[in-house]
Amino acid sequence: MGIQGLAKLLGDIAPSGIKENEIKNYFGRKIAIDASMSIYQFLIAVRSDGSQLTNEAGETTSHLMGLFYRTIRMVENGIKPVYVFDGKPPQLKSGELAKRTERREEAQKALSKAEEAGDTENIDKFSRRLVRVTKEHNEECKQLLKLMGIPYVEAPCEAEAQCAALVKSGKVYATGTEDMDALTFGTTVMLRHLTFSEAKKMPIKEFHLQNVLSEAGLSQDEFIDLCILLGCDYCDSIKGIGPKRSVDLIRQHRSIDKILENIDTSKHPPPENWLYKEARELFKNPEVRNPEEIELKWEEPNEEALVTFMCQEKGFSEDRIRSGIKKLTKARHGSTQGRLDSFFKVLPSPANKRKLQDGKGSQNKKAKTGGKFKRPK
């Protein structure tokens with residue numbers, strides 16, 4: 001779920017912290033991608049008849065096709081992706097997971113009714129709600145990434161938290177996910193829609209945490225409390241207090257603790273045994289692997305092993321897979337020059353940066369940043 005309504009709220013209270021960008025402008029960037037979120041997107045991208053892509057054995061292969069081609073597209077645009085997989089969910093998430101199970105059961109009942117009625121629109125709608133990423137999906141995707149030469153990280157807990165840790169340590173430039181709680185975990189740059197299909201024509205939404213906090217007039221601790229008030233995966237929120245009221249309360253009282261001392265709890269009762277302090281601590285100090293102990297290596301794809309896995313085992317067309325591998329190999333060799341601005345330690349002013357870009361020819365055209373924000377790591 002992430003944080004309820006946060007993207008829209010930030011568009012209202014901190015628009016300078018958000019910009020739209022094109023994938024080509026991330027040339028030379030290392031980006032940590034929330035693997036489960038991406039795999040989920042690939043799985044719900046069902047075909048026009050409402051079914052997922054399967055092989056002759058009836059095994060779902062949508063996730064493998066999506067991962068293969070979207071990863072190639074990123075590498076063709078000079079991006080160095082690293083996928084981060086979820087580990088064991090925190091105990092605080094058990095309530096949210098139970099709610100998701102209930103919603104799936106309701107969706108299953110609704111799907112059965114839609115199938116009886118021949119209601120194709122609702123069949124599609126409720127089929128999507130039943131999709132979930134399994135351990136098998138994850139393991140197959142890890143195998144594919146390894147054969148493609150793309151690094152991945154297994155987080156001990158939440159993938160978004162591990163992505164944020166990689167960004168904060170300077171190992172990567174940004175977190176790629178649809179879940180807004182990557183910002184709550186402290187990622188300095190977050191990209192939405194990065195792994196969407198080109199057919200959707202959705203620009204990449206780029207969030208810069210420091211600009212968001214500055215324009216919203218909040219510290220990171222206050223922002224975390226705001227996210228808990230809006231609704232997160234780890235505890236309930238106060239009923240009857242919407243996004244605008246939540247912002248006003250945080251700006252006035254600066255913490256949930258002070259809000260509880262000052263609001264009329266008879267009108268807005270907090271949840272019983274409210275675990276907001278535990279949720280706050282989880283956002284501030286999540287369980288992650290030490291980024292300094294993580295080595296990220298992008299290597300040559302193993303063509304024959306890829307063909308064996310994707311074609312002989314999973315039933316994909318050999319011509320198409322070999323064509324994809326050629327694109328991947330060519331793109332890898334074309335993106336080794338890196339970003340021009342990665343050679344500079346001092347951050348130039350926006351005006352100086354434009355002068356540098358105007359004077360460096362085609363190499364710099366590839367390396368342009370398209371924005372006024374901080375240089376990459």
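Glycine is treated like the rest: Cβ placed from N, Cα and C.
All protein chains considered, the CB of Glu160 (Mg(2+) 1 binding site) has 29 other CB atoms within 10 Å. The annotation Mg(2+) 1 binding site is assigned in Swiss-Prot to Asp34, Asp86, Glu158, Glu160 on the grounds of sequence analysis.
Here Swiss-Prot flags Arg47, Arg70, Glu158, Gly231, Asp233 as DNA binding site, drawing on sequence analysis. Secondary structure at Gly231 (DNA binding site), as computed by DSSP, is coil.
Cβ-based neighbour count (10 Å, all protein chains) for Asp233 (DNA binding site) stands at 23. Under the heading Mg(2+) 2 binding site, Swiss-Prot lists Asp179, Asp181, Asp233, citing sequence analysis as support.
Among the features that Swiss-Prot reports, compositional bias 'Basic residues' is placed at 363-377.
What Swiss-Prot records for 1-104 is region 'N-domain'.
What Swiss-Prot lists as region 'I-domain' is 122-253.
Per Swiss-Prot, region 'Interaction with PCNA' is recorded for 336-344.
The annotation region 'Disordered' is assigned in Swiss-Prot to 337-377.
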Rounded inter-Cα distance in Å - Gly231 (DNA binding site), Glu160 (Mg(2+) 1 binding site): 17
Distance check against Asp181 (Mg(2+) 2 binding site) for the binding-site residues Asp34, Arg70, Glu160, Asp233, keeping those with Cα within 10 Å: Glu160, Asp233
Glu158 (Mg(2+) 1 binding site) to Asp179 (Mg(2+) 2 binding site) - Cα separation in whole Å: 11
Whole-number Å value for how far Arg70 (DNA binding site) lies from Glu160 (Mg(2+) 1 binding site) (Cα to Cα): 20
Nearest of the binding-site residues (Arg70, Asp179, Asp233) to Asp34 (Mg(2+) 1 binding site), judged by Cα-Cα distance: Asp179
